[in-house]
Structures are given as structure tokens and as C-alpha cells.
């Protein structure tokens, strides 16, 4: 610390060197010890400074406190050190409890008292400080030794006196306009780290892929050179299929050769954005805002209680309350969902503070109260047991109210409708002069809200303007914008003691877009785009997290984990953060591969080593600016056969700005690279675009951070909502707003596919954006998945149909721009063609932690899905492309079984579907083949046992893959539906007749 000579102790130290008439010492080197003493490092206290040094000199006497560099580590000062005044010790620093500082005491001219004002010395104190290094990040990870090179890189320092003086005339650090004050407190710390998979684990996998590739090539060459002359058509067909299988396998394996892992530093995020600093004196949060989207469509298939628990988990996340907003899109405009959300907000007023007070995980109340573990573990507050008992009772009452809503709404509607009918009859009798009515009075059976007004959405007895596909737009802010400052609770006998706990809850809004006949509402993608526009008017968070109604926040720090990537160096090039999907309620054996471990822990992690994972529909944090169709601030182009030539992409946005307004000539060679222009006629929305782009930039706290924003730029409180703003938000969710705009084509979620998620992510990657796969130690989100065979196959059918649509559309990766990496292009190509092929997933992924059982379950369901849903998807996709026949899918039911005691009851639900026909045919054919083969061999004059063994092996191999399918058909007690016997008989007769016609018996 720079010290002024006006300090009594240090001025005496300075004056003592010249009080005996000796020439003053020019420089005295010292070091502050952990006790606060200054240890002299000067070799000669009686230096003779005569001649040129004997006159007045501004720098004739000063003390330099050496920083604790690798060659100068702090140690305890000895009692025999040079005479120095005790000064107040600094706060514990990163090096052995001592802050790294440089101090100086100097005499100016003939002024014996120092002659420097306090204000000047305070400024000098700031200018002479040296950045405090964090020892934990400067230690070598393997040996624990001090990393000299990294210390020099982080501090840009040199040893000795070179660190002591910072000239006023040379205020720029490295001549880049950054002053020393930018590096006063702590060294710059990255928020994320990229962890490469060890070569000892990855190299064997790569070697196995190479060996299999060589084996496949040799097999195909052998197959071509050795044709079967007796059955050329069969040989040709098998050769083509095997070649295609090998090609498909290669497409699947190539993107997996470079998997990576990532980690985040939540402590560094807190230090950068939520600690007091010169730009943030009060320590308010400087983090950007986040808007969370939840989508639902049918309360019958998506129970309101499940959706309410998801909303409660979102409102309780560990993120600045004033920076978080939650929106739910009810595409069915159901009053049941509306009133369930109102109940959820009321319960959140006690549930959210309870979670903050006791650090509850998970913050979905249903999941929390269902935990098998000890709830008191790691809980320190003595009132936790009492609080938990009280909140459990409140949640039970909350569930009763939610489950009783349908009946309450029905009785309310009956009461109001009866009153309306009585009023109409009374008016009719008055008009009839009091005479009895001869004709019945027709009264519309309306659906009523709790305030006695008509529900503007879908009615239980639908009429015009109140159908599911014909109703007005609805927007209700159920929880207002919170105050910018914390609101602390207080003791209350009726509720919990929330003293010292912030009781605010984030803003929450219910949204149901307008629907009218004659408009294409574009399913879920249209609903998401409506929420994008409404949220831009109301809160305009630069980042958007979208969740399905049955996917709740399992890790309250998940939003912060994602924000580490967005706010880190280079984060301005990231379009979205994809989290893995984790599921609950899956049967222990995972019969139908619902966990999809191979995909989420293998494929997605490998894509993260390329340009990023694909978007999979839920658990994804978007950059709003990227959703609007704009380009990243920096991008690369890849040319050459394998994309090996990398060049910087031209800045199309800058070129577009130079063009005249009326000129519409495209500046790029690819349609996806043209900039969006038609956002609609809302000026408030258009003005919000630039604001969202600026607020989404990372913090400009280091020379290597490009396109950053200054610290403290997001400390301004959000203004409260007013009536004109809400009216504008209602206008942008109207059904006509997207007319003559680029919504769904270039802006927002992309229309035209049942898998809008994959297409939307592909478009962003095609513009040069990157994505990141964020696997947290504690699962970020958890949801449910269909566990009965029928629903599972319909889910796979929808995914496969979307892939076929992508392959036959302009979103085919073969038409991609040069901004897409070669292996990323291969991965998207595989997404488009996998329904056409049988992909052999042959490798046990050691680097992804996939077990052998998980791999085998994935193999089994690939055969089941490939022989049913994939084949149907190809046929439906071709019908849409060739004949223009639209494809309609129903929502997957979240709960279908009636047995509430068995959580796996859905597993045994059997619902016949045409998708069963092909797998059943394969099973019957193989069983019949086994029976015939064994019979022919046993009763043959010259039995050929080798052929029987070979054929039986392949039949048993197929049947082993079909075992989950057969088990699913038999249900809980092994009782097979009658339709299965009917189809089995028909297929057996058909196969027998075909065999007789192909190979008739002799004689």
C-alpha cells in the first residue's frame, strides 16, 4: 500500500535516516510480513549518495515494499530486522495471508513532513496497488507448486522494482486503453473451463472405430468379389443394404471422435456480478435478465398439478428475483390451467421464501416431499422441522384445491348459467305480459371466471369465439414486477418466520395467443414465438429458458450454470446452452430406453466438441438476439472437401448497414445468411431488439473479452408495467401479427416441421453461432417420459417423421452454408437420414459412462422403433412431400394408468396401434422359421446341423431384440390382447401360403 509521509510512524522512519547528518538513502527495499511489520531488504543502510544525488530530487528517498513474487514469498519477520514502524496489517491475501501490495514513502524537495496531501496519496495508493492473484488458480494442478509463468501472464508483471512505479504519463496498460485501476482487486478469472477427455480413455475408442471401419471395408470388398450365383437378386440386395449400413454407421461415429467435458465456476460468477465494486457500490446484481417459458396445451393430458409444480420450481430458482420472469403458454386457453396457475402463485408466496430460508433441493414441492432420504440432512436451522411440517400441510391443501378445481369450476358455471337462465325467463315473461312462456328459453352455457365474468378462452360447451382453435388472446400478469431491493420477511404467527429472508417472487404471466379460423397457428412453434414477442414487451430478458410443462428445475443453480457460459469470454458467440434431459418414473430396467443415455451422454457430449449440440426441445437457454435471426459478432467459414480451410466470415451486418434502405439485393450467397427485416408493426418490440443484444453481452473486464459491456450497465431497476405496455403485449400475440413478417421463416422458432426444435437449432448453427452442452453435477432439470409401448412408439414416430421432413426440405444439411463445420454437417446429415437406415450402435462409450445394459436397451428399442415408427415416418414424410398430406400428432399423455399405488402402472397399459403390425410380423416370421427349420433338420435324411445353428442364431438374435416388445404386448399379468392372436394367425397363414407358392412341395 502506498503510504504517505504524513503518517507519524512512517514519517519518523523516513526522517530517521537523515537526522544524523548523513546523506539520505536513495532506495530502501522492504517487505510487509504477516504481522504487519516492514522487513528491510536493503544491503547497506549507509549508502553514500554524493554528487548528482546530493541535490533536491523528487525521488531522493522512498521505500519499496516488494510484492510476493515467486522469488519473494512472505515469511515471518525476524526480530532483528531493520528498524521499521509497525503499521496496520492488510487484509489476508492470497499468498500466505498477505495482500500483494507495493508501498512507497517519499520526500519531495526540502519538505521534511512529506509535502503530499492525503487526497494525492490516496490516488497514488490506488495507482501503486498490484493486482491480487488468487493462489488457488495459480497452483499447478498436478504438483501443487506455484506456477511462475502463469503468475507473470496474469499480472503482466516483472520481478523487483519494475512493479513498483506506474507513471502518470503511461497510464495505458499495454497501450490498449486499459488503466491500472482495472486490475486493482483480483486477477481475471474465467467462468468456465473446457476439459478434454483423457487420451487413455479416448484413444482405445478411436482405435476400435478404426478397426471396425477396416473390417467393414474388407467385408464389403469380399462380398462384392464373391457373388452368389444361385440367388443374384438376394446377393445384390444384401450387398446394397450392408453397404448402406456401413455408411450409416460411419456417419454416426465420425462426430463422436472428439468429445469434451465442461465445468463452471459459480464463485467467480458471483464475484464478478454480485460483489460491491467501484461500478457497483451497493453490490446489486449485474447479471442479465432471464425469461423462462413453459408450454402446455391440454389440461386433460398435461395435469395442472404437474404444471403448477414446474412453475413453483422456476419461481424458486437461485437467481436475482428482479432479473427473472416466468411465462406459461396455454395453447388450449383452458380456464382450468388459468386458475391452477393462480393457485400456484398464491402458494409460491410461502413456498419460495421457505426454499430460500432452508436451501431446499429440489424446489418442486411434489418431488421434494417424495424424497426417500432424510430431509433434515445438512439443515442447520433449529426451526426446520417445524417449518417443514407446516409447509407440507399447506402443500397438501394446495393439492386438494388444484384437484378440486374441475368440480369447483363446473358448479360455479352451473350456478351462473342457472342465474342467467332465470333472468332470461323473467325478461321473457315481462315481455309476454306475465303470461306463461310457450317456448323454452335458450341460454348459452358459458364458462365463468371467479369474478363473475365470461372466460375469454375455450368454454366447456364451445361456441363461436370460444373454441380451442377460435378464441381471443389472453395475457394476465399474475405476479407483478418485483421491487429492485430485497423485501425481508418478519415473524408471523399464521405463517413461517421469514426474518432476514427475501420474500419477493419473480414476475409471472399467463399467455394464451389469439386463434381464429383461417390462420395457420403452427402448433408449438407458433406458441413459442408469441411468447417471445410478449416477453420482449414486458420484461425483455436477453436470455430465454424454455421448459416443457412436465420438466421442472431440479437444480436451483442451473440458470447460473448456464449463465457462466453466456457471460464468459467468447460467450457472445453462443446461441444456446442445451442441458441434458433426465427422467423420473422410468421402470428400473428401462425397457424401452426412455432414458436415452446413449444420445444424451454420448452423442450430445461429442457434438459439444464440434460446433455444439443440437436443440432437443426443452431444457435449453437461448440468446434472444440469436433467436431473432441475427448473426454472431464473429464467425468462421470452412472450405475444402473436409472443411479444413478456416477463414474469418465477412461481417454481413456491417455490409447491410452500408446498403441503401430501399435496396433488397442479398449480400450473401446463402438465404440463411440474409439479415431479418420484417419483425411486425410493433415499435416497442423493434426497439427492444437492440436493448436485448446489449444486455446479453459478457462483461468487458479483460483485454481478451470482445464485444463486451461495461460493468454496472444492468443495475438500473426495471420500470413497473403500465396499461399501454400490457396492451401492446396483447397486440403482439394476435393471430394476424405474423402476416407479412419473417416469423417462423427466419425469426424465432422455425415453422414447417413437427420437430421445430432441431430445425431452429440448425438455422442458428448455419449462421455461424455455437452452442454448448452443460452437464451439471446435480441434474439441472428432470421430467417424465411415456413408459408404455404405444406412447413411446408414437413419440419416436414424431421424431422420425420430423427427420424425414428435414431431409426433404430446404433445411437439408447438404444445402448448408460454409459456416457449418464439416463434422457438424455430418451430424446433421445423420439426423436427417437415420429413419432410412438401421444404425448399428456398436461401441461401449467408456468416456460417457454408458453401461452395457443401457447400450443393450438402446439396441433393443432401436430395432423395435426402426421396424415400426421409423418405417411409418418415412411413409408419412413421403406422403407429405409428394401428395401434400399434412401430418397430425396428438400430445403424449403424462399419466394414463388408473393404479395410483404403482408408479410404473403406465408400463403395462396396452393400446393397440398400427405401429405394432411390422414388429409383430418380424416376430412371427422368425418364430415360424425356427419351427420349420428345426422340423426339416430333425426329419431330414441328411440333416445339415450347421445351417440350422447359423439360421437359429440370427433368428434368436432378432427375437432377443424384440423381447421388450413381446413383454409390452403381454401386459402386467402376461395376458395378450385378442387382436395379437388374430394378427398372428393371419400372418402365419400368409407366410405359409407365400412359402408354398414360392417353393411348392414335390409331387
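The count begins at 1 with the first shown residue.
Each residue, glycine too, has its Cβ placed from N, Cα and C.
According to TrEMBL, the feature region 'Disordered' maps to 1-100.
Per TrEMBL, compositional bias 'Low complexity' is recorded for 1-19 (among others).
The annotation compositional bias 'Low complexity' is assigned in TrEMBL to 77-86 (among others).
Sequence-distant contacts of the transmembrane segment (207-225) (same chain, at least 6 residues past either end, Cβ-Cβ under 8 Å): 238-239, 242-243, 246, 249-250, 253, 257, 842-843. Marked as transmembrane segment by TrEMBL: 207-225 (among others).
According to TrEMBL, the transmembrane segment annotation covers 231-251 (among others).
Listed in sequence order, the residues of the same chain lying 6 or more apart from residue 295 (UDP-alpha-D-glucose binding site) and placing their CB within less than 8 Å of its CB are 328, 329, 331, 524, 527, 528, 531, 546, 548, 549. Annotated UDP-alpha-D-glucose binding site per TrEMBL: 295, 301, 302, 331, 523, in sequence order.
Taken from TrEMBL, the feature active site covers 331 (among others). Within 10 Å of the Cβ of residue 331 (UDP-alpha-D-glucose binding site) there are 23 other Cβ atoms, across all protein chains.
The Mn(2+) binding site annotation in TrEMBL covers 524, 548. Neighbour density for residue 548 (Mn(2+) binding site): within 10 A of its CB lie 23 other CB atoms from the protein chains shown.
Annotation comment: TrEMBL describes 757 (among others) as active site. If you take the C-beta of residue 757 (active site) and look for same-chain residues 6 or more apart in sequence within under 8 angstroms, you find 615, 616, 617, 620, 749.
Here TrEMBL flags 827-847 (among others) as transmembrane segment.
The annotation transmembrane segment is assigned in TrEMBL to 912-936 (among others).
Here TrEMBL flags 948-966 (among others) as transmembrane segment.
Here TrEMBL flags 978-998 (among others) as transmembrane segment.
Within the same chain, residues at least six positions away from residue 523 (UDP-alpha-D-glucose binding site) with a Cβ under 8 Å of its Cβ are 754, 756. The Cβ of residue 302 (UDP-alpha-D-glucose binding site) has 24 other Cβ atoms within 10 Å, all protein chains considered.
Residues 295, 301, 302, 331, 523 are listed as the UDP-alpha-D-glucose binders, and the farthest two of them sit 16 Å apart at their Cα atoms.
Most buried of the binding-site residues 301, 524, judged by other Cβ atoms within 10 Å, is 524.
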